[in-house]
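The structure appears below as structure tokens.
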Amino acid sequence: MTHSPLAQFDIKKLIDIKMFGFDVSFTNSSIYMLLASILALTYFYLAFYNRKLVPSRLQVSAEIVYNLVADMLNQNIGVKGRKFIPLVFSLFIFILFCNLLGMTPYSFTTTSHIIVTFTLAILVFLMVTIVGFVKHGLRFLTLFLPHGTPLWLAPLMIVIELFTYLARPVSLSLRLAANMMAGHVLLKVIAGFTVSLMIYLKFLPIPIMVILIGFEIFVAILQAYIFTILSCMYLNDAINLH
């Protein structure tokens, strides 16, 4: 099973830790999440430590990422969304760096595990729910009854809307984990055949692998964007009660 495409997703204990009867061991998943956080902090520290009127390439790239998140919130929520920029920006950067770090050879893709993505999705779900109740009180419950719904159809619509609302963290987490896992499995399988194919096709498989890796990097960035834009849309529902 060493060469199984799924072996790359195995969680391995590095430091065995038990606390109050719970297993809180430091694993390869933990170290890559920590590494992603450190790399993200280092990147933005270097980008903004010595800001100049004529920005460096690093500063420009960091500002582009920041403006991307700010525009997402502005387009979905408006001015009211500005206060959520730090939280949503941190979420986007963490997922982005975890995804990209998983593209490096012999690394570990933390976002391919449903427990990681579900935890992030639950945080978004709780944030949206708390914001909704704090801002609107019990009127937030009107979210589950679309405006203009006939009275006789109200019970069914409430059940459907409630189910849809509760399913948000599930769909949000599954989408990210499934896409990251599928892409990495595909790369692993094709890479396994590359050496054999080179006997018959010479160097043709190499540019194909480069293209596939480039596409997977694009998917890694896209999935971080999708997770974040959906989080902004959910926040908009809670703030503006559409």
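Cβ atoms here come from the backbone N, Cα and C positions, even for glycine.
If you check Swiss-Prot, you get these features:
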- 29-49: transmembrane segment (TRANSMEM)
- 84-104: transmembrane segment (TRANSMEM)
- 114-134: transmembrane segment (TRANSMEM)
- 140-160: transmembrane segment (TRANSMEM)
- 181-201: transmembrane segment (TRANSMEM)
- 203-223: transmembrane segment (TRANSMEM)
Within the same chain, where does the transmembrane segment (181-201) have neighbours whose Cβ lies under 8 angstroms from its own Cβ atoms, ignoring anything closer than 6 residues to its ends? I mean 6 or more beyond.
3, 5-6, 8-9, 102, 109, 112, 208-209, 212-213, 216, 219-220
Under an 8 Å Cβ to Cβ limit, what residues of the same chain, 6 or more beyond the ends of the transmembrane segment (203-223), are close to it?
95-96, 99-100, 102-103, 111, 175-176, 179-180, 183-184, 186-187, 190-191, 193-194, 197
